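Some features that TrEMBL has for this protein:
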TRANSMEM  7-25  transmembrane segment
TRANSMEM  45-64  transmembrane segment
TRANSMEM  85-105  transmembrane segment
TRANSMEM  125-144  transmembrane segment
TRANSMEM  156-174  transmembrane segment
TRANSMEM  194-211  transmembrane segment
Amino acid sequence: MTRTCTCIYHFLVLSWYIFLNYYISQQGGDQQKSKIFLNGGHWKYLTFLNLLLQAIFFGVACMEDVLKRIKGEKDIKFMTTFRDLLFTTLAFPISTFVFLSFWILFLYDRELVYPKALDGIFPVWLNHAMHTSILPFSLVEVMLRPHCYPRKKKGLTVLAGASIMYITRVLWIYSDTGTWVYPVFAKLSPVGLTAFFSLSYIFSAGIYLLGEKLNHWKWGQFISLLPTDTFLPYTFSTPPGNRTNQSKSRRQ
């Protein structure tokens, strides 16, 4: 896909996520909906945090697209590195986790995660915007262009840090209000909660490794899985091997 199409795609998806975040932020005025956001507001839900995260990522991607056209690749190394780190360690794993965990629990027993009463409060399209379309957008980004993955230890540490921060917030809200963010937590014992949170992180780490494999499967011929602090001095349109051959030809 050409750079122009990439820019347009990032701008359109960014606009969509800005719209979703704005639309949801306006729902607090409704008395019925405001009850859902008591004790922590919108940001107690991983779903809404993910929408904000996606808006931030696609905003960074848009900015990187524009700066790349203005200044060139070598002058925006930090922006490219930050974009890749944000996508590989947070944006892709969390969006995929939200999609899979929500629909698995929903199909098993929707009352554990999205009670039927919410159907009369939130339109169906919004539910799919929050929990379904997030995965296709992330997969398109994987297919759209290569991303430099950090070393596994660094990547998984960033993901673990984000997971611990959210779990801490969930526990703090419960200790302060006596109310769990999601109904499923109320069904679990302390041991069950510990197992649930631990398995959730293992699941997220598996998604992170899957993203790395997908990136390598799609773009392995163009880019190796290098640390994010390594800048590639070639464009993605020319495979590294071909570039080496071209350099030898010029020297001859």
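Here the Cβ of each residue, glycine as well, is placed from N, Cα and C on the backbone.
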(message) Using Cβ distances below 8 Å and needing 3 or more such pairs, separated by at least 6 in sequence, tell me whether the transmembrane segment (125-144) contacts the transmembrane segment (85-105).
(response) yes
(message) Below 8 Å between Cβ atoms, which of the listed ranges 45-64, 85-105, 156-174, 194-211 makes the most pairs with the transmembrane segment (7-25)?
(response) 45-64
(request) Using a Cβ distance cut-off of under 8 Å, indicate which of 45-64, 85-105, 156-174 has the most pairs with the transmembrane segment (194-211). (result) 85-105
(message) Should anything in the same chain at least six residues away from the transmembrane segment (85-105) have a Cβ under 8 Å from its Cβ atoms, list it; otherwise answer none.
(response) 46-47, 50, 53-54, 56-57, 60-61, 112-114, 131-132, 134-135, 137-138, 141-142, 147-150, 155, 158-159, 162, 184, 200, 203-205, 207-208, 210-212, 215, 228
(message) Below 8 angstroms Cβ to Cβ, which residues of this chain, lying six or more residues outside the transmembrane segment (156-174), approach it?
(response) 39-40, 44, 46, 49, 85, 89-90, 93-94, 150, 180-181, 185, 197, 200-201, 204-205, 208
